[in-house]
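See structure below.
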Amino acid sequence: MKIAVIGQSLFGREVYRELLKEGHQVVGVFTIPDKNGKADPLGADAEKDGIPVFKFPRWRVKGQAIPEVVEKYKALEAELNVLPFCSQFIPMEVIDCPKHGSIIYHPSILPRHRGASAINWTLMQGDKIGGFTVFWADDGLDTGDILLQRQCEVLPDDTVNTIYNRFLFPEGVKGMVEAVRLIAEGNAPRIKQPTEGATYDPMQKKENAKINWDQPAEDIHNFIRGNDKVPGAWTVVDDQQLTFFGSSFTRNGPAPDGQPLEIPGASRPALVTKTGLVLFGNDGERLTVKNIQFEDGKMIPASQYFKTADSAALQLSEEEQKVSEEIRAAWRRILTNVSEIEDSTDFFKAGAASMDVVRLVEEVKLKCNGLQLQNEDVYMATKFEEFIQMVVRRMRGEDGEEELVIDYVEKEINNMTVKIPHQLFINGQFMDAEGGKSYDTINPTDGTAICKVSLAQISDIDRAVAAAKEAFENGEWGKMNPRDRGRLLYRLADLMEEHQEELATIESIDSGAVYTLALKTHVGMSIQTFRYFAGWCDKIQGRTIPINQARPNRNLTFTRREPIGVCGIVIPWNYPLMMLAWKTAACLTAGNTVVLKPAQVTPLTALKFAELSVKAGIPKGVINILPGAGSLIGQRLSDHPDVRKIGFTGSTPIGKQIMKSCAVSNVKKVSLELGGKSPLIIFHDCDLDKAVRMGMSSVFFNKGENCIAAGRLFLEESIHDEFVKRVVEEVKKMKIGDPLDRSTDHGPQNHKAHLDKLIEYCQTGVKEGGKLVYGGKQVERPGFFFEPTIFTDVTDEMFIAKEESFGPVMIISKFNDGDIDGVLKRANDSEFGLASGVFTKDINKALYVSEKLQAGTVFVNTYNKTDVAAPFGGFKQSGFGKDLGEEALNEYLKTKAVTIEY
């Protein structure tokens, strides 16, 4: 189609570019005249492409079209006019001229907010839904028939800039292109605008952007954000006009400490605090503004209002002087109307506009090795000298957010360079433990030290809890929209996937996990877990509940599902990353902050995870990782008054101690995933080949270091001998070796103390009369390797029949053919109830057994088949509470009932 593009701005330019990509012929571009010698982006692009560009200062005089302007337009013979953003009045002779007429982009859901300040009014009136309309132009003001509309959620702290950049700009470009496509195909609708809900809102200008303080805080917040950045909501303090930017609304809660600032007309003094300027409405609620701009254009952080001028000017190095001159040249290119850029030259007073801010930020990024400034930084340093000082401080790392500094341990292993953090991770930074205390973490494959790891002390634990508490109560995490929190968790999962091979390699050398298993399960399921729970972030919701009415009044009761606060998580060594993911993903999804203690013997993937969390944009203090002794860290977290929840996976005796400490300290919420002795019942009518294969997996998976491992196999007598024979044959085929070798089936046990316990466990089994059919001893090679082991003739009173080995030890007992209730009684005769399994082709038998088994998980004709969507957790002394699935969220949420009478 032959199209005339009429408009201006970056938005107009992007629509123009996309129309060319679609194959349309742009016959002409009509834009505004150059300003201070600078062409509008739309016109500049079209001129480069050789498209005819017209820069009429006006199309009409005294309400009448200028004939020569109209003739120049008509000569192009356009079939459609596209007006992506146009500040000029276009005569109807031009609007109606093309075959298909004209379409216009408008940034509101028409008929609401007609007029030139639609985005401002969407926010000022507190609309929950925003969006844009592409409509057919007519002789009214934004009254033409609707072609298409797109909606978006308006976030509580959205400003004109944020909603524009997040949705109205990118989706608006797509919407304009789609509208043209529909017209070209002959499918474009014409829907009459409804009269109901129609509004026309006047244009927002500086003179009518003065704040009215006699209204609720939320209305003041909406007014400020609705005028952010243009024209800027303002008030007068000490005979000086102050303009406010970056408002956030805080409902309820005590006001923070701060220095009072009297504001004429306000219900109470504002407070200058470390987080910004706290303002109050006439309802006593509060809002906080981040930045203040003075009449001369200078912007400062609101928290700095009472502070003295910046410290003495920096002395620039020779290299920094070169950067300064390059930036001076960039200012000169932007401010073409200024003959010389002096140190005192003010960017905005010299004629710069908001579009020039974007350009300057990009120029600095190009000249300063990717240094990323924000638009606000330009407003806060408007004079050239101030701007250079700010840029140099950023380049030196003296200003802005603290840079993440990591003292990596680097290893050339598994055909890659592995970079491993080894310090405590507290409040978004890696740091040494108090006193520089550390310990060696050991590679179980050969018994050598991988690296020194910081050993957390009491003061470190308290510092981490304080950081988590601050992040929860005052940080961005607690204010964040749940959907935005989900985006961060998705990003974290993506980064874990990008580093999957590195994480799996670290897991292999630190825990002994076979690399191929680490890729699929240890790391792969961790990624799946974060993705699954990221999707839950914006789906946590309460209920409305019918209650008896207090007649003649009425009542409404609803529930809120709220995060608990600071959560302590203590995880075991068998799946170091996966156990972190199972608990932490649900915890973060619910909106909590976390202090996590990895197992002392396997801390490295947790620390690598901490690094990735920073790169994903998780705010500081939300995640804290403390390697060290469980007796110190776990106990302190259980006792700490600011920790409100403990999630623990580990042994039953330690779980009991944690539960006791949580009760005595502050009655913390607790979830426990403890020991197991999971029974696997195999009936004679099973698929024996599958039962042998899955039976081996149930015991030897991950070297037996598996909380749900089948701790005891009950075999129906008629298949006992054949089953044992086949299992022994298959075990002999298993390759024991280096976990990084892709052909290895069975790697080393996790650590030396565990290996010694396995040796002792098997010696006890032999002493009590168990028949050691295979294995039972350490492999004669360096490292902590233990042979896959098989015991038969194990009777119910034996130690190995009751206690879990947590290793590759298969315990086999017989039961009489057909004695279903008898074997169920034996299987349930345990204080544990984590998992269980049954193999049979008889569906009635399978359902009966699954009903009667006293375990949190029952596998039928399979084993180890866990999934991120299925709840996981035990009965009896295997603990309580669930990991995974929707139920896991309950462990990290509290329910509040709210009853209203009206």
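Each Cβ is built from the backbone N, Cα and C atoms, and glycine gets one as well.
Feature list (source: Swiss-Prot):
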{"type": "ACT_SITE", "residues": "GLU673", "note": "active site, proton acceptor"}
{"type": "BINDING", "residues": "571-573, 597-600, 630-635, 650-651, 673-674, LYS757, 804-806", "note": "NADP(+) binding site"}
{"type": "DOMAIN", "residues": "318-395", "note": "domain 'Carrier'"}
{"type": "MOD_RES", "residues": "SER354", "note": "O-(pantetheine 4'-phosphoryl)serine"}
{"type": "REGION", "residues": "1-310", "note": "region 'Hydrolase domain'"}
{"type": "REGION", "residues": "417-902", "note": "region 'Aldehyde dehydrogenase domain'"}
{"type": "SITE", "residues": "ASP142", "note": "site 'Essential for catalytic activity'"}
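Minimal Cβ crowding within 10 Å, among the recorded positions GLU673, GLU804, is found at GLU804. For the pair formed by GLU673 (active site, proton acceptor) and GLU804 (NADP(+) binding site), distance between Cα atoms is given as 14 Å, rounded to the nearest Å. Using a 10 Å radius centred on the Cβ of GLN600 (NADP(+) binding site) and all shown protein chains, the other Cβ atoms total 20.
Secondary structure at LYS597 (NADP(+) binding site), as computed by DSSP, is strand. It is 74 Å from the Cα atom of ASP142 (site 'Essential for catalytic activity') to that of GLU804 (NADP(+) binding site). Around the Cβ of GLN635 (NADP(+) binding site), 18 further Cβ atoms fall within 10 Å across all displayed protein chains. For the pair GLU804 (NADP(+) binding site) and SER354 (O-(pantetheine 4'-phosphoryl)serine), the C-alpha distance works out to 68 angstrom. Of all the binding-site residues listed (ILE571, LEU632), ILE571 sits in the most crowded Cβ setting, with the most other Cβ atoms within 10 Å.
Around LYS597 (NADP(+) binding site), the same-chain residues at least 6 positions away in sequence with a Cβ under 8 Å from its Cβ are ALA456, GLY568, ILE569, VAL570, ILE571, ILE625, LEU626, PRO627, GLY628, GLY630, ILE633, GLY634, LEU637. DSSP assigns GLU673 (active site, proton acceptor) to a strand segment in the three-state reduction. With DSSP states grouped into helix (H, G, I), strand (E, B) and coil, the domain 'Carrier' (318-395) comes out at 49 helix, 2 strand, 27 coil.
Around SER354 (O-(pantetheine 4'-phosphoryl)serine), the C-beta neighbours below 8 angstroms that are at least 6 residues distant in the chain are LYS229, VAL230, ASN375.
Just so you know, the Cβ of ASP142 (site 'Essential for catalytic activity') picks up 21 other Cβ atoms within 10 Å once every protein chain is counted.
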